[in-house]
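Quick look at what Swiss-Prot lists:
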ACT_SITE  ASP310  active site
CARBOHYD  ASN23  N-linked glycosylation site
CARBOHYD  ASN142  N-linked glycosylation site
CARBOHYD  ASN237  N-linked glycosylation site
CARBOHYD  ASN326  N-linked glycosylation site
CARBOHYD  ASN391  N-linked glycosylation site
CARBOHYD  ASN404  N-linked glycosylation site
CARBOHYD  ASN443  N-linked glycosylation site
CARBOHYD  ASN480  N-linked glycosylation site
CARBOHYD  ASN618  N-linked glycosylation site
CARBOHYD  ASN645  N-linked glycosylation site
CARBOHYD  ASN658  N-linked glycosylation site
CARBOHYD  ASN685  N-linked glycosylation site
SIGNAL    1-20  signal peptide
Amino acid sequence: MPGAASIVAVLAALLPTALGQANQSYVDYNIEANPDLFSECLETGGTSFPDCESGPLSKTLVCDTSAKPHDRAAALVSLLTFEELVNNTANTGHGAPRIGLPAYQVWNEALHGVAHADFSDAGGFSWSTSFPQPISTMAALNRTLIHQIATIISTQGRAFMNAGRYGLDVYSPNINTFRHPVWGRGQETPGEDAYCLASTYAYEYITGIQGGVDANPLKLIATAKHYAGYDIENWDNHSRLGNDMQITQQDLAEYYTPQFLVASRDAKVHSVMCSYNAVNGVPSCSNSFFLQTLLRDTFDFVEDGYVSGDCGAVYNVFNPHGYATNESSAAADSIRAGTDIDCGVSYPRHFQESFHDQEVSRQDLERGVTRLYASLIRAGYFDGKTSPYRNITWSDVVSTNAQNLSYEAAAQSIVLLKNDGILPLTSTSSSTKTIALIGPWANATTQMLGNYYGPAPYLISPLQAFQDSEYKITYTIGTNTTTDPDSTSQSTALTTAKEADLIIFAGGIDNTLETEAQDRSNITWPSNQLSLITKLADLGKPLIVLQMGGGQVDSSALKNNKNVNALIWGGYPGQSGGQALADIITGKRAPAARLVTTQYPAEYAEVFPAIDMNLRPNGSNPGQTYMWYTGTPVYEFGHGLFYTNFTASASASSGTKNRTSFNIDEVLGRPHLGYKLVEQMPLLNFTVDVKNTGDRVSDYTAMAFVNTTAGPAPHPNKWLVGFDRLSAVEPGSAKTMVIPVTVDSLARTDEEGNRVLYPGRYEVALNNEREVVLGFTLTGEKAVLFKWPKEEQLIAPQ
């Protein structure tokens, strides 16, 4: 197979030193750094629909649209020779030309737009809409926005597939949690909260991509990744390929898997990706407890849903994990444990050998390939042109709504961290006529996209947006992300700044510091940038700082510097990011987003190892995430300012008929029509009247937190149970916000991983400031809402 020899040579060279070591750097062959190592897996395009009208398959059951998807898939797989079966166990499936089955590429990306597609050089199919990164989109606190973005991505993906340039499945969304701020891929996630944010994002994104809850036909097939406990790339040489994450049963149930439960049980995702890392000694892709007991038996994963390994993760079961004695056994262990498709070469390279050695059966292989094709059948792969999505074309990609939504998402996602009143800027009739735009993000284009992006239709940098405004703009870079371009760049920037009425410094971090396979070593502002910002502040001119990037940096020096008049977090705002930033600064739009991660002080990243997965405070670990952190953050999870003033008060309808006490047995005994489980029903509605008492129209966002001392210690500081966004609240007007507080959202996780509802006193509070507080009591005996299964491996390593 193309690329196989080179990957074997590289990985074999690592074998003597890599196996069994917990702190070792490995060649990382999953990303663009070494594309030649995985050339076959990286192939794009060339996908076509089977001919069910007159081709060899047309008279077989797989083309019978009246039959069940599983039966159709099983009939197809039964036609394959063993060699053909083996050749369809990897992400680059060869199909079976003998019977008219086309090749199929499983690896398609859609993190925040169509990517890893066969883009043309110009004209039709040369671009796709590039939305903000998920870390930014989630900050908007608008679940409808998430769904709309996913819906447009799926429409564009369908158009590319219909043109033979994409597939029917996508390796998205990434629903891991941004636990530690150094993680390079935190930008791909919805933030640090698992139960509310990551789970909500998973539900809205998956149902948007798939066309609804368990839609028939599926619009596209979403893949929930990376399952599970994956949130470190290469911190301190702890490679993601070989990390063995030590996670308590309590933390696994409470933090690292609830979003996968929602993805599987509620959103009905049809694919899940197992991750590179091991958890408690067992690699995820050979972990039958994860893939069978939890995912299928407990999380209610759809019957014919399939599991794909992350790219190369099956090989990693052997090297560097050393869980299997060789690559052939790693492949056998993984398929038997429940990894149906190998994004890699281990399955097709070794299943002939594994079959000969009786490590796998034909039935093992058929099970995995049948699951893949059953999902493709659900997506209309064998339905011919009668499938409702087959008429989507390039004209559907060229949609003004898509580009407008990309801008809207960017504008809604920008967080105002600090403002002494300088923002928004008034018109040029004021003293501000000339703006000096300085910094490594000032003329950002592809920087704004983060990672996993396709070519965008256009890129509006901050510089371009401001040049198109009413202000006179002078620009100089001043400094790059981590170094000065030359010895005079900072002095040139200072000269430029002195001649302007106002300074905007656009900096922060980008994919040179945080990305796949690369974590940060610290969470400080790059010293060269902080030095220049300090010098600019010393000029005494109005100064606005844009802090860009997915991960937070310690901005305490800027927060405390009175000469830094405003601080904005812009994340990775996508193709229209520059325009959105300019419009926020000039007051054409009003900020309303909130941080979905904690901004920690710099020493946080120095006092305990980033691979410590324990959330609760312990030893040098001061506690992780807003739920357990015992220190003082620079900016709290949920922080965000407005241009106007809002007052919030409890609505007369808040709660459930103003009850303040609920018996647990009575609550759980209620009929729950419209809900799968009684605990998914709201116990009460946290209803708040919000009035704009300022002079600017603005959206309003809010988070609802619960705190309690019910149940065993230690108790979390608080936890998020809901959020919402009100649009365009006019000055002097009021709107009502309703945040349902479900029974399940009040439960805690015990040491065995069970989700338990405890009797005691509870409070629901609005935002960090606790502007509105609703207190109530749960009475009676504690009740287990969700029973964590006993952990045992159904498949022993070979």
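Numbering starts at 1 and runs along the chain as it is shown here.
Here the Cβ of each residue, glycine as well, is placed from N, Cα and C on the backbone.
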Across every protein chain in view, the count of C-beta atoms other than its own within 10 A of the C-beta of ASN142 (N-linked glycosylation site) is 24
Comparing the Cα of ASN391 (N-linked glycosylation site) with the Cα atoms of the recorded positions ASN237, ASP310, ASN443, ASN618, ASN685, the shortest distance belongs to ASP310
Spatially, and counting Cα to Cα, which of the glycosylation sites is closest to ASN326 (N-linked glycosylation site)? Options: ASN142, ASN443, ASN480. ASN480
Under 8 Å between C-beta atoms and at least six apart in sequence, can you list the same-chain neighbours of ASN443 (N-linked glycosylation site), or say none if there are none? SER461, PRO462, LEU463, TYR475, ILE477
Other C-beta atoms within 10 angstroms of the C-beta of ASP310 (active site) total 26
Argmin Cα dist to ASN685 (N-linked glycosylation site) over the glycosylation sites ASN237, ASN480, ASN618 returns ASN618
Taking DSSP as the reference, which of helix, strand or coil describes ASN618 (N-linked glycosylation site)? strand
Which of the recorded positions ASN142, ASN237, ASP310, ASN404, ASN645 has its Cα closest in space to the Cα of ASN480 (N-linked glycosylation site)? ASN237
Which of the glycosylation sites ASN404, ASN618, ASN645 has its Cα closest in space to the Cα of ASN237 (N-linked glycosylation site)? ASN618
Mind telling me which of the glycosylation sites ASN404, ASN480, ASN645 has the densest Cβ neighbourhood, counting other Cβ atoms within 10 Å? ASN480
Secondary structure at ASN326 (N-linked glycosylation site), reduced by DSSP to three states: coil
